[in-house]
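Colleague: Take this structure first; my questions come after.
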Amino acid sequence: MAPLILTLFWGERQAKKQGLVGPSHPHDDLVHHAKAKWMERAWLFAEQLDLVGLALLGAAVALILLPMTLAQRAKDSWSNPSMIAMFVLGWILLPVFALWDMRYAKRPVIARRFLSNRTVVCVAFIGFFDFLSFFLTFMYLPSFVLVTKPWSMTNVFYFGQAQTVGLTIFGILGGVIMRFTRRYKPLLVIGLCIRLLGVTLMIHSRGTNSSDAELVLTQVLQGLGGGFAAVCSGVGAQASVLHADVAMVIAIVLLWTEIGAGVGGSLAGAIWAGTMPAKLREHLPGLSQADRDVLFGNITAIRERPMDDPVRVGVISAYSDTMKVMLVLATVLSVVPLVLSAFMPNWYLGDQQNAVEEADLLGRRSQRTSLALERASEDEEDGRSRESCEEGEE
């Protein structure tokens, strides 16, 4: 992301030098502070990016998720004081982040106008729960396939990329379909339904009796539905805001999507570490704990055994039971994006830039646009007034 951010800053600077874009406010424009001390420029840069807010949010999420993965390996598990301290501190930092962003940040991570935008909120949570569900199903899928199928490493790699390729292909196809239908919501709902079907089928395909075709089909279905859902939800969010806010909305949606990915990965790790050892004891009672520990941490030792070997059969059963827990949870969570999609407006995708400004593709705006722009600048005005008050007190 760093090269992209630096490129955007460079492009904005060049546009302002050429007079194509006017500075929003003298105090917020780095160009007007070129001769200022480096500490002042660094502080201004931190304010523009809200580094304090980002640090608080990142620390809160990390402190909440890390114990979920580390607790099973830590001494005394969840009774370990370090695990408890991290988990509690993470939840304490969340309201601190909210307070900072709402009252003190001059350019908050999430502006107030986006919090009141139903479409943006729905899309952000669709991305959050979609990626949460995805990582629950995919985090340990390669390990599961390596143990339960006699596939080569090459075929396992191809299988692992099936959903990614499907997301790309069907995402492009979804854009073509919207080009002709001029609507995004029906395709969004269809995509989420197909993705839910793919996740649900994985509960059955995790068994030893499932065919290779069935297992691959689950990934293709999730790629198909996910491709449609990703492009349609993005279009819906971008159509609901001013043209100047598109980049910010994309960043907000991606932020919550990645948080969902982190939560999903941590949940998968916690379920795996908490369930798999018990399932190995259940299906392989004849082995010593040391042997079970080797099987738990060494896939190569499992793959060296024939498919009909009693030990490998027991390991496959343990893997299947553990995957079932994650897949059932992922299926339930996959329903949430489908419910949220029902609350999104079905914008008509015409020749306007968006559904707010009533501006055409050339940027020509109507009188109604100026009212929308004034409403969108409320957050900036609040930030400036706070800054003026602080300067007056000084």
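Every residue gets a Cβ built from N, Cα and C, even glycine.
Bear in mind that TrEMBL entries carry predicted annotations, made automatically and left uncurated.
Pulled from TrEMBL, these are the listed features:
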- 383-394: compositional bias 'Basic and acidic residues' (COMPBIAS)
- 370-394: region 'Disordered' (REGION)
- 49-70: transmembrane segment (TRANSMEM)
- 82-100: transmembrane segment (TRANSMEM)
- 120-141: transmembrane segment (TRANSMEM)
- 161-180: transmembrane segment (TRANSMEM)
- 187-204: transmembrane segment (TRANSMEM)
- 216-237: transmembrane segment (TRANSMEM)
- 249-273: transmembrane segment (TRANSMEM)
- 325-344: transmembrane segment (TRANSMEM)
Colleague: Can you find at least 3 Cβ pairs under 8 Å between the transmembrane segment (161-180) and the transmembrane segment (216-237), where each pair is 6 or more residues apart in sequence?
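Modeller: Touching, yes - the transmembrane segment (161-180) and the transmembrane segment (216-237) meet the threshold of 3 or more Cβ pairs under 8 Å.
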Colleague: Is it the case that the transmembrane segment (216-237) and the transmembrane segment (49-70) have 3 or more CB pairs under 8 Å, with pairs at least 6 apart in sequence?
Modeller: no
Colleague: So, do the transmembrane segment (120-141) and the transmembrane segment (49-70) meet, by the test of 3 or more Cβ pairs under 8 Å (sequence gap 6 or more)?
Modeller: no
Colleague: Quickly jot the same-chain residues contacting the transmembrane segment (325-344) by Cβ under 8 Å, restricted to those at least six beyond its ends, or write none.
Modeller: 118-119, 122-123, 125-126, 129-130, 132-134, 136-137, 139-140, 185, 188-189, 192-193, 195-196, 199-200, 202-203, 206, 229, 233, 236, 267-268, 271-272, 275
Colleague: Okay, the transmembrane segment (249-273) and the transmembrane segment (49-70): do they have at least three CB pairs under 8 Å, pairs separated by 6 or more?
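Modeller: As far as Cβ distances go (cut-off 8 Å, pairs 6 or more apart), the transmembrane segment (49-70) and the transmembrane segment (249-273) touch.
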